[in-house]
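Participant: These came from Swiss-Prot, pasted as-is:
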BINDING   Gly123, Thr124, His125, Gly126, Lys127, Thr128, Thr129  ATP binding site
Amino acid sequence: MVESQKAMPQPKMGRIHRIHFVGIGGVGMCGIAEVLLNLGYEVSGSDLKVSPVTQRLESFGAEIFVGHRAENAAHADVLVVSSAINPANPEVATALERRIPVVPRAEMLAELMRYRHGVAVAGTHGKTTTTSLLASVFAAGGLDPTFVIGGRLTAAGTNAQLGTSRYLIAEADESDASFLHLQPMVAVVTNIDADHMATYEGDFNKLKKTFVEFLHNLPFYGLAVMCLDDPVVREILPQVKRPTVTYGFCEEADIRAINVSQKGMQTHFTVLRRDREPLEVSVNMPGNHNVLNALATIAIATDEGISDEAIVQGLSGFQGVGRRFQVYGELPVEGGSVMLVDDYGHHPTEVAAVIKAVRGGWPSRRLVIVYQPHRYSRTRDLYDDFVQVLGDANVLLLMEVYPAGEEPIPGADSRQLCHSIRQRGKLDPIYIERGAELAPLVKPLLRAGDILLCQGAGDVGGLAPQLMKSPLFAGAKQEKSK
């Protein structure tokens with residue numbers, strides 16, 4: 001049965017009163033900071049610039065510093081850092097000199113989870129959407145979960161929230177193997193793909209073993225929820241010595257989807273569960289990859305005793321996550337308009353899934369992609385895959401690689417990608433010079449009825465709102481909030 005609402009014992013971290021976040025504006029950091037603020041801790045943080053995220057935290061009482069300086073950390077009882085922070089950072093150096101503990105963000109998340117019934121969502125792709133769906137369904141089921149998500153949940157207007165129930169739903173980050181800090185009661189593995197391989201010394205077997213180790217952080221009475229459609233997840237399944245539930249499209253899955261149909265943004269399917277009546281479900285998200293995300297959610301909600309009615313309501317009422325196939329609106333062009341979509345996908349598997357979703361939901365429309373590769377190392381490691389999947393667009397514009405702190409790698413840049421895609425003979429990509437304005441470049445290429453997709457994890461994320469405001473697209477119609 002679903003638990004009733006009750007006051008949740010809050011974590012007490014002994015002598016810790018003031019918590020300082022180095023890089024507080026980061027998507028993985030700000031959510032934890034917001035939860036800690038709501039728990040009554042003093043929170044400070046530094047970042048390189050003011051942003052809506054830092055302004056939001058400041059409005060909740062956080063002290064925000066612009067720039068990294070030693071004095072920012074002077075009064076902290078603990079520093080929280082992400083893997084993106086250089087160990088030579090002056091705030092980190094000061095903390096170490098003064099014997100102030102410096103902990104990774106995942107360790108702080110683990111501390112919050114230690115006092116709760118933790119649900120941790122891991123996997124190379126789909127973490128943010130699955131975590132968000134879980135938050136929506138748990139809320140619909142009468143629970144009030146705490147959640148920490150790697151994207152802005154549209155309905156809540158934030159990526160984190162302190163709830164009153166015993167549940168904490170959070171993403172588990174494999175990029176730096178920090179998810180090994182977490183000790184959840186329930187863990188999801190959506191898929192395992194080659195990404196962040198520097199963390200695993202280029203050894204895919206090491207990556208797989210780390211996922212198994214993560215699942216063994218579950219207690220013997222916990223639950224591992226695993227996608228049977230993913231070949232690598234299927235491969236590691238026999239090694240997992242914890243209770244498991246599988247999901248997918250395949251017949252062997254404990255929870256599976258059949259009769260999938262998609263029209264535009266809406267996807268409908270039937271869910272089969274062992275010893276349960278079939279469940280008819282609709283989600284306002286395109287693509288089979290989102291069906292899988294919904295199945296993981298249904299598996300956990302069913303196990304936690306949430307009613308079928310609440311599951312259906314939570315999924316159908318889900319309003320999406322920022323930059324996960326986010327429809328911004330319609331851009332006017334000669335003879336009609338173009339649907340403008342923003343998406344965070346930055347791995348070939350994610351790009352392919354979105355292209356497939358567009359082809360399934362809007363089969364008669366052209367797809368124009370503005371893509372920005374993220375990191376030179378990822379571009380190098382997955383070069384052939386990028387060439388193949390990006391070549392499936394109808395029109396392709398490539399921005400220069402977003403370095404994310406990396407130095408350029410010869411042959412792993414967007415000019416070379418353009419050349420390789422052009423050699424395939426399917427289309428002629430357009431290279432966008434760094435700093436060039438997009439609107440004058442893209443407008444002549446658009447036709448009425450097109451879908452314009454701005455995709456990637458770098459500063460490409462700012463293009464969609466810029467296009468909506470561009471004088472060249474005067475009269476653009478903003479997508480209405482659901």
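Quick reminder: no glycine exception, Cβ is built from N, Cα and C everywhere.
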Participant: I need the neighbours of the ATP site defined by Gly123, Thr124, His125, Gly126, Lys127, Thr128, Thr129. Which other residues of that chain put their C-beta within 8 angstroms of the C-beta centroid, in sequence order?
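Facilitator: Leaving out the recorded residues gives Val121, Thr130, Thr190, Asn191, Asn293.
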Participant: When the number of other CB atoms within 10 A of each residue's CB is tallied over all shown chains, which of the binding-site residues Thr128, Thr129 has the maximum?
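Facilitator: Per the Cβ count, the most surrounded site is Thr129.
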Participant: Specify the secondary structure state of Lys127 (ATP binding site) as given by DSSP, simplified to three classes.
Facilitator: helix
Participant: Do any residues at least six apart in sequence from Gly126 (ATP binding site), in the same chain, have a Cβ closer than 8 Å to its Cβ, and if so which, in order?
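Facilitator: Same-chain residues close to Gly126 (ATP binding site) (Cβ under 8 Å, separated by 6 or more) are Thr190, Asn191, His289, Leu292, Asn293, Ala296.
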Participant: Neighbour count, 10 Å Cβ-Cβ cut-off, for His125 (ATP binding site): what number do you get?
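Facilitator: So the number of other Cβ atoms within 10 Å of His125 (ATP binding site) is 21.
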Participant: Taking the Cβ of Gly123 (ATP binding site) as reference, which residues of that chain separated by at least 6 in sequence fall under 8 Å from it?
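Facilitator: Once residues fewer than 6 apart are set aside, Gly123 (ATP binding site) is near Thr130, Glu174, Val188, Val189, Thr190, Asn191, Ile192, Cys227.
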Participant: Return the count of C-beta atoms lying within 10 angstroms of the C-beta of Lys127 (ATP binding site), excluding that atom itself.
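Facilitator: The answer is 26.
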